[in-house]
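All remarks here apply to the structure that follows.
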Amino acid sequence: MSEQMNNNVPATQPEFAQPDKALYSPNKKGPLGKLLAPIAGFGVTFTTIFRPTVTEQYPYIKVPVRPRYHGLHRLNRYADGLEKCIGCELCAWACPADAIYVEAAANTPQEQYSPGERYGRVYQINYLRCIFCGYCIQACPTRALTMSNDFEIAGQHREEMIYEKQDLLVPLAQGMLNTPHPMVQGTSDADYYKGRVTGPTETQVEWVRSVRPGDESLENVVVTGNELEGAGAQ
């Protein structure tokens with residue numbers, strides 16, 4: 001075996017050409033090259049000086065984002081102020097990062113927060129885990145959860161990055177009535193989902209006025225809904 005290996009080795013090793021030392025000589029450049037060497041070193045700098053600036057003056061000037069940008073989450077309301085979230089927890093199940101926690105509770109005649117049987121009593125999003133994939137939005141059956149164009153989120157403590165329901169719930173729009181309050185008389189949850197409720201009714205306003213006379217939403221409420229507007233609708 002050793003004899004066969006020795007036979008495969010050439011008798012004489014090839015000689016490799018030595019590199020030309022003149023190519024690496026520090027004196028390769030002539031007098032003019034030595035004179036312009038410092039200027040050549042700043043070539044990239046000089047060419048960049050005359051280019052238009054691309055620095056964004058953030059946060060003083062905010063750059064507009066795309067309309068479908070995936071920003072912070074929002075919990076939406078119906079036209080009369082009731083919450084769209086029904087506490088089904090589908091968003092929490094769909095979240096690949098386990099960033100959403102939902103705890104549901106039952107609606108009662110005295111505390112009606114959303115159409116139907118349940119509402120989201122506790123709603124949390126941990127933005128230390130959220131990857132803004134949008135799976136929770138696709139899973140929501142009532143379009144209660146959507147993503148806004150807001151992207152500013154920062155905090156010095158972990159607790160500040162866990163958004164509670166009051167942080168995610170959209171403020172009352174002009175004319176809405178603060179929850180809890182009854183549904184529009186004669187309507188079902190399906191009428192709400194189909195957009196047949198156009199605003200608070202006089203009955204809802206009177207109910208809130210009798211139960212919570214100091215509610216701030218009573219000052220700006222606008223009665224735009226009609227009683228029995230969804231009766232019999234399927």
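Even glycines carry a Cβ here, placed using N, Cα and C.
The region 'Disordered' annotation in TrEMBL covers 1-22.
Look at TrEMBL and you will find 1-11 tagged as compositional bias 'Polar residues'.
Within the chain carrying the domain '4Fe-4S ferredoxin-type' (75-105), a Cβ under 8 angstroms from the stretch's Cβ atoms is held by residues 112-131, 133, 135-146, 165, 168-170, 172-173, 176-179, 181, 183-184, 189, 192, 197-201, 204, 217, 224-225, all 6 or more beyond its ends. The domain '4Fe-4S ferredoxin-type' annotation in TrEMBL covers 75-105 (among others).
What TrEMBL records for C85, C88, C91, C140 is [4Fe-4S] cluster 1 binding site. Listed in sequence order, V102, A104, R118, P141 are the same-chain residues six or more apart from C88 ([4Fe-4S] cluster 1 binding site) with CB atoms under 8 A from its CB.
The Cβ of C136 ([4Fe-4S] cluster 2 binding site) has 24 other Cβ atoms within 10 Å, all protein chains considered. Residues or ranges marked as [4Fe-4S] cluster 2 binding site in TrEMBL: C95, C130, C133, C136.
Taken from TrEMBL, the feature domain '4Fe-4S ferredoxin-type' covers 121-150 (among others). Model confidence over the domain '4Fe-4S ferredoxin-type' (121-150) stands at 96, taken as the mean pLDDT rounded to a whole number.
Of the listed binding-site residues, namely C85, C91, C95, C130, C133, the sparsest Cβ surroundings within 10 Å are found at C133.
A distance of 16 Å separates the Cα atom of C95 ([4Fe-4S] cluster 2 binding site) from that of C85 ([4Fe-4S] cluster 1 binding site). Take the CB of C140 ([4Fe-4S] cluster 1 binding site) and look out to 10 A: across all protein chains shown you find 19 other CB atoms.
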